[in-house]
Amino acid sequence: MGSERQHYYGKHGTPQKYDPTFKGPIYHRGCTDIICCVFLLLAIVGYVAVGIIAWTHGDPRKVIYPTDSRGEFCGQKGTKNANKPYLFYFNIVKCASPLVLLEFQCPTPQICVEKCPDRYLTYLNAHKSQDFQYYKQFCVPGFQNTKGVAEVLRDGDCPAVLIPSKPLAQRCFPAIHAHKGVLMVGNETTYEDGHGSRKNITELVEGAKKANGVLEARQLAMRIFEDYTVSWYWIVIGLVIAMLMSLLFIVLLRFLAGIMVWVMIIMVILVLGYGIFHCYMEYVRLRGEAGSDISLVDLGFQTDLRVYLHLRQTWMAFMIILSILEAIIILLLIFLRKRILIAIALIKEASRAVGYVMCSLLYPLVTFFLLCLCIAYWASTAVFLSTSNEAIYKIFDGGTCQFAGKTCNPETFASSNESRLCPGAHCQFAFYGGESGYHRALLGLQIFNAFMFFWLANFVLALGQVTLAGAFASYYWALHKPDDLPAFPLFSAFGRALRYHTGSLAFGALILAIVQIIRVMLEYLDQRLKAAENKFAKFLMTCLKCCFWCLEKFIRFLNRNAYIMIAIYGTNFCTSARNAFFLLMRNIIRDPGFLFLHPPDQDRAGHSATPQLLLGPYTDGDHRLLPDCPWLLQCLRHVCGHVVPLLLGGPGEE
């Protein structure tokens, strides 16, 4: 028997031996992972520097108010565009670029106009007709019809085509509507692009969608703010009631934990049983239908997964999988009854611990405040970086001018030396950006901004987890409760975490931030590859996204348990993560996470009802979910969730 235990522990590490002199979290400890702490401080200094530089160069008014290609605001009093409140895009199709969301600008010339176009016209048809006077108002200011059609379009003096548009947030967007399920602009399903070919309306949809993305976010934020100003007192009442219900839930948990666990286990068994029954009924229903007997091998890989639901073999496979899961759960219940009872006891003890350390229920508010600071700094820096770009103008010529491609200023180009030496040259809008080192590094700075947001946000969450773990550890090792509890266990744990383990928290947060920024970059690449027809590339991208999603979940789970070991024993991050992993492997069935299969959704169902019943008459259909309060119970579950893994790490764990 002893050899078997030694062999078992060889696989899953050596458990902590019982030490009767151990009195809880080690108070005499040293600093851990100092290098990571230094890196975090240097990164924060760099992050502040990036914010200062961005605030110096950026102008957030560009996000709120429309500006033309020369950087002048439309419709602002005291400017030459005071009577031109709307922004017109020469070629809105170019707004479909994913970079629009990073730069808040479309890579096409933009001018301020008095009103949006209301008819189809191409420059090719209008330049020698009575429609030219109407068309001319959508050309660059001061345009004179002295060039040929090809030169005008080449120099970007006028748009190649006008499309019926409607103003939205002071921007002109194509007046797209659906008629009998078909997208149309006016009475047309296609449009002439001004270069002799016709294109589909869907291209306009993509361009307008990207150009309008920022505007929709702004309008949504305004509507949310208006909703809160109208019904804020009902929201407060709902939050208070939800808090009281959650506290009652925590109190009752020590008495009803067994009932709750067994009810959820029975519910899982019943749900799986219904799934088996449903798969069988679908299998029977498809009997005799044409094409339903095709095998999965013959059908092969299909991008539209709904195709597989018309095959009997698919439902047979589902039925077999669910039956196996049902059998496994039933066998686990039969052979692991004692372990489940231990898990129930841990849940009861967790509720009792929260009752003794009531101040722990308020700590999530500190985490919430710090996260709000991180989000506010990241969002403001992102906006300032995105609005740092400037309109760049280049000299364009037929190819004979020696200054072709050189940067120019449209305001002074007519009197410049380049204009005199190259009479046929023009100073034309080229792109949004800049030619300084700062402008060339904007994309990298945006990535750094996002990375630092993930790092700091994860650090804040890690700080909360270590603090709560340290507070509950003080409760666990108190022999006579509450007499042996420290006066302020939560504040003591918070001080220890910052004083000794900032580096370890930064290390764990850094690992998680790297995975998260990779996921963001994969999402960006996925957006760029959406138009590609390469099925293998799409399949590979989907696999990568799935793998990194799983990796993030695993690292997040392991970090949480590593932070508990840090709070108790004061070891560095790697040692704590290793010990936590082996501890979980030795006690995998005792972890109530094995029993609570997605409890957040069940909590959300009950605790969302209170504010929704109160706010129903005072919120519109678009934002009914916003003044919701299940996050309160999530905070309480977050607090309780630190107690059970902590209890597993105590002396005599085996």
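Cβ coordinates are placed from backbone N, Cα and C, and glycine is handled just like the others.
Note: TrEMBL annotation is automatic and uncurated.
According to TrEMBL, the protein carries these features:
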- 34-55: transmembrane segment (TRANSMEM)
- 232-252: transmembrane segment (TRANSMEM)
- 259-277: transmembrane segment (TRANSMEM)
- 315-336: transmembrane segment (TRANSMEM)
- 356-379: transmembrane segment (TRANSMEM)
- 452-479: transmembrane segment (TRANSMEM)
- 500-522: transmembrane segment (TRANSMEM)
- 562-584: transmembrane segment (TRANSMEM)
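It is 452-479 that, among the stretches 34-55, 259-277, 315-336, 452-479, 562-584, forms the most Cβ pairs under 8 Å with the transmembrane segment (356-379). The stretch in closest packing with the transmembrane segment (452-479), judged by the count of Cβ pairs under 8 Å and taken from 34-55, 259-277, 315-336, 562-584, is 562-584.
Counting Cβ pairs closer than 8 Å to the transmembrane segment (315-336), the top stretch among 34-55, 259-277, 500-522 is 259-277.
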